[in-house]
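Feature annotations, reproduced from TrEMBL:
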COMPBIAS  65-101  compositional bias 'Acidic residues'
COMPBIAS  295-304  compositional bias 'Basic residues'
COMPBIAS  578-590  compositional bias 'Acidic residues'
REGION    51-135  region 'Disordered'
REGION    284-305  region 'Disordered'
REGION    569-590  region 'Disordered'
REPEAT    309-351  repeat 'WD'
REPEAT    360-393  repeat 'WD'
REPEAT    455-497  repeat 'WD'
Amino acid sequence: MSGSLISAVSWVKRGVALQNPSKYVLDDQELERVSALARIELEDAQVELKRAHNAAKSMGKSDLDGEDGDSDVDVEVMEGDRDGDEGDWVDEDENAMDVDPEAALPNPNSDPKTTTSKDDDLSQYNLDDYDDDTPGDNISHFSNINNIAVYKNNDEDPYITLKDDEDDIEAERSELEVLPSDNLLVVAKTEDEISQLEIYVYEESEANLYVHHDLMLPNFPLCLEWLDFPPASSSSSTMNNDPSNLGFGNYIAVGTLDPEIEIWSLDVVEAMYPNSVLGRPDKTKAHIPVPLGTGKKKKKKTKSRQTEKAYHVDAVLGLSWNKKQRNLLASASADKTVKLWDLSRDPTITGGEGGALRSFDVHKDKVQAVQWNEKDPAVLLTGSYDRTVRTFDSRAPEGGVGAFLGSDVEALRWDPWNESGFYVSLENGLVLNFDARTLPSSSNLDQPSPARFTLQAHDGAASALDVNPHIKGCIVTGGSDKLVKVWNIEQNEGGKNNVSLVQSRDLGVGKVFSTSFSPDSPLTVAAGGSKAKLQIWDVASNAGARKAFGGKLREAGKVLSERSAEEARGGVVGLVSDGEESDGDDDEDE
């Protein structure tokens, strides 16, 4: 996989973001929340280190420890490869870590007097009692984070003599301002092995795109989901400055290679900690390998982790927020489960009350994607590497239906124009459309189910898919062939679907991993991929696209902005190039 890429892109509707975002404040209440989190991590660090050491020891790596007890174990996080190509090698070099037993014995020819004199020289430092606490030592490093003096601004800090200038403060405030006419875009980006969320501002009228702020992530991000419901464990610094106290807000949920789900406020800059974490990082052992078999030859592939009902134990691959029942969030994971979370419950509550509401074991392999049905808010749609899609009522999952497919699921979307219709894109490049009312029971998926129509969308995986919320029968796809394609689906008099390609374009993002329609502009698409570059495509700058969708737009009461292709930079808007982009990325492999 490339070291630099964009794995997911999410839009934020205009007018949702605070016009003047606040800065993160580490006040007393936030200190209490953070210190509790740090205490858990510090207390568990020794336990987890011991577990990692034991796991490494059982895999033949125990000799990596030094005599002083400090562990320097190089533990690999072994993710199950989809093709299983990495699961067959064995470690046959049994003597690679052998230690010469004579090296640990004292030299009989050494002078004992010399050794004694050295010990005498060091005795003045009283090293034997070095680790003992002295009665007068009241300061312990990292023992109490509340000992840190916190000031809201530089004016209150007596150690800062150069105070903030009002003009500088106003200029910074102006730079951070988000106008009601601006869109935000959240981008899950990894570059040089550093993962972060980049929050962009898109000024459509000026065809301008720039980075507003960023948030650091602990691991590789896989999926994003915007939501407006404030999680129960939100920090005080965000509650005081955004609309959360009214039951609304501006948040992004992030799924990573870690089993936990982080929820961040997009109205706070320079944030150090997420507003909420769904899962149990103190209990999850996802980073500790479990060896297969016995003996000295160990396979690289690890055992499947035992699933838990209250939290995920493997990477979170998909997220979906319920727009009707706003406190509900669904997650899909590599642990083969789909989980339902109640955002109104504090996830830090012990005794299991802070875990997932429900856990669904409807698939036999990694669950790649999940989405709520907006028309029927109790119904979920899921897709898996077991080559099936399933749709079921979250209150009675045993009564669901599904379809067997010929390839692994890459992405799926409900059709907002048809309550029972949905689209699925596959690893083999196909995009299928189904009607859930015609599908067989999920307990009988031995044979492929006929789709309403099948589209050979890409050469290679059709890794990205979205359905236009403004125009009926308009979808966008992206693939490993580096193309982004916009399609028009129309029904003829006989009820059959006619599918036509409206536009196909290489946006320069490499292999396409994410495509998403704007929530405000009918024919504006955001795309990201293996080149770690975000591009905004105004499809309406093409005359053929305007002709193909003009009638549907008029029926929906939508009006396209009249911008020439030259004014819109050929319809594509990205960050202004700094001249440092290399051509070597064209040959990147996933």
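Cβ coordinates are placed from backbone N, Cα and C, and glycine is handled just like the others.
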| task | With a Cβ cut-off under 8 Å, give me the same-chain residues at least six positions beyond the ends of the repeat 'WD' (360-393) that come close to it. | result | 80, 82, 307, 314, 317-325, 328, 330-340, 399-414, 416, 419, 422, 424, 434, 436, 439, 442, 445
| message | Within the repeat 'WD' (360-393), what mean pLDDT does the predicted structure show? | response | 96
| request: Would you mind splitting the repeat 'WD' (309-351) into helix, strand and coil residue counts from DSSP? | output: 0 helix, 17 strand, 26 coil
| query | Restricting to the same chain and to residues at least six past its boundaries, which positions have a Cβ under 8 Å from a Cβ of the repeat 'WD' (309-351)? | reply | 36, 79-80, 222-233, 253, 255-261, 263, 276-280, 283-286, 357-372, 374, 377-378, 380, 382, 384, 394
